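Colleague: If you scroll down you'll find the structure; I have some questions about it.
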Amino acid sequence: MLTFVGLGLYDEASVTVAGRDAIAAADRVFAEFYTSRLIGTDVAALEAHHDTTIERRDRAGVEQHPEPILDAAADGDAVFLTAGDTMISTTHVDLRMRAADRGIDTRVIHAPTAASAAAGLTGLQNYRFGKATTLPFPWAHGADGVPGSVTDTIEANRERGLHTLVYLDIKVDHPRVDGDAYMTASQAADLLATNWDADALGVVVARAGAPDATVRADRLGALADADFGSPLHLLVVPGSLHHIERDALRELAGAPADAL
């Protein structure tokens with residue numbers, strides 16, 4: 001059996017009870033943290049909390065050479081961990097299908113995600129979000145500024161009155177950076193303000209799931225000059241706003257009245 005367990009948003013306590021029980025029952029526990037990570041903890045603390053050993057896999061070890069994971073699942077109960085939910089945004093459906101091809105039973109234990117937190121923390125209605133996009137570091141996509149696909153997605157959503165969830169780039173063990181690199185919301189706002197529309201409304205969500213989670217709404221040009229603290233950050237570019245959403249952004253995110 002191969003069980004996919006989402007760890008939630010922040011630390012070792014963010015996992016669901018069902019996820020915790022699956023980890024406790026597993027013969028072997030694998031994890032990847034190259035797509036995202038739990039900022040409030042580390043692997044050692046996770047191991048101590050769950051009284052287990054976690055075998056960390058890099059991208060190649062999951063996407064190109066998953067045999068150790070699959071072999072463990074064929075021989076017993078294996079668990080595969082990620083931050084957030086294993087099947088949302090960066091999906092591991094390929095690993096699940098490889099297991100199915102080998103006749104290995106699978107199951108998924110879901111967890112809170114950045115997408116659900118963005119709606120819950122900002123007061124924006126979740127069914128009014130359109131297609132999401134990811135804003136990469138300029139050096140990562142090989143050009144200056146913002147890829148056209150990002151602004152095209154935002155504009156297409158806005159034409160339909162929909163909000164855009166903008167995931168911000170994460171680089172783990174990348175040869176261009178020393179350590180891990182996390183795009184901040186102010187960097188993202190600056191890129192969009194410079195290359196798209198400085199007067200457009202943006203909503204920052206910083207450290208969703210943490211005790212000090214922060215939400216701030218303002219024009220992109222103003223957000224570019226702000227400091228939102230430690231990662232992880234994401235950015236929402238709203239479409240048309242329901243009057244309840246306007247009230248929520250004023251009360252929950254400090255949005256200036258003239259920016260709404």
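Each residue, glycine too, has its Cβ placed from N, Cα and C.
This is the feature table in Swiss-Prot:
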BINDING   Leu9, Asp85, Ile88, Thr113, Ala114, Leu168, Ala208, His233  S-adenosyl-L-methionine binding site
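Buried or exposed, and what's around them? Tell me for each listed feature.
Modeller: When secondary structure is read from DSSP and collapsed to three states, Ala114 (S-adenosyl-L-methionine binding site) falls in the helix class.
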Colleague: Near Ile88 (S-adenosyl-L-methionine binding site), how many other Cβ atoms are within 10 Å of its Cβ?
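Modeller: Result for Ile88 (S-adenosyl-L-methionine binding site): 16 other Cβ atoms within 10 Å.
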